[in-house]
């Protein structure tokens, strides 16, 4: 799946390809190695296309009957129409009691029944597992969201310092992974 951004150089290029055209890609580039039951609770905070690495881990957990990991996802988008894979996420949440999803959008429609606005401290407190050695919080999204939630990665692409809402709430650097 590719989301086409009007000003996006790569997404616009991919969107212009026709059946039969080719594109050279590199990867996958391993970021974090997920092992079943490696943590009791995994919280995920994603914005827009930041859902991509989260979905890979969600699928690994819910498709393994021996994996008892509890997963909570807060997924932020501009509008309800921008929510990628909402139907799939809703089905996964309905079929798997160990997976919960909460949506928030900046521009809700009149019939929207999820959260509205940017991710708040209250949303994180209610939607994420509490800080502990058996908790991991994964964060992926646009730079503004990353800075607000966890701080961005360091210039050398290492994890960098933890800041933002997660630090304020009491998570440590070892409990958070930034994609």
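In case you wondered, yes, glycine gets a Cβ from its N, Cα and C as well.
Marked as FAD binding site by TrEMBL: 3, 9, 10, 11, 52. For residue 9 (FAD binding site), the number of other Cβ atoms no farther than 10 Å from its own Cβ, over all displayed protein chains, is 8.
Under the heading domain 'Oxidoreductase FAD/NAD(P)-binding', TrEMBL lists 44-149. The average pLDDT computed over the domain 'Oxidoreductase FAD/NAD(P)-binding' (44-149) stands at 97.
Maximum intra-site Cα distance, FAD binding residues 3, 9, 10, 11, 52: 19 Å. Of all the binding-site residues listed here (3, 10, 11, 52), it is 10 whose C-beta has the fewest other C-beta atoms within 10 angstroms. Remark: secondary structure over the domain 'Oxidoreductase FAD/NAD(P)-binding' (44-149) totals 42 helix, 27 strand, 37 coil, with classes taken from DSSP.
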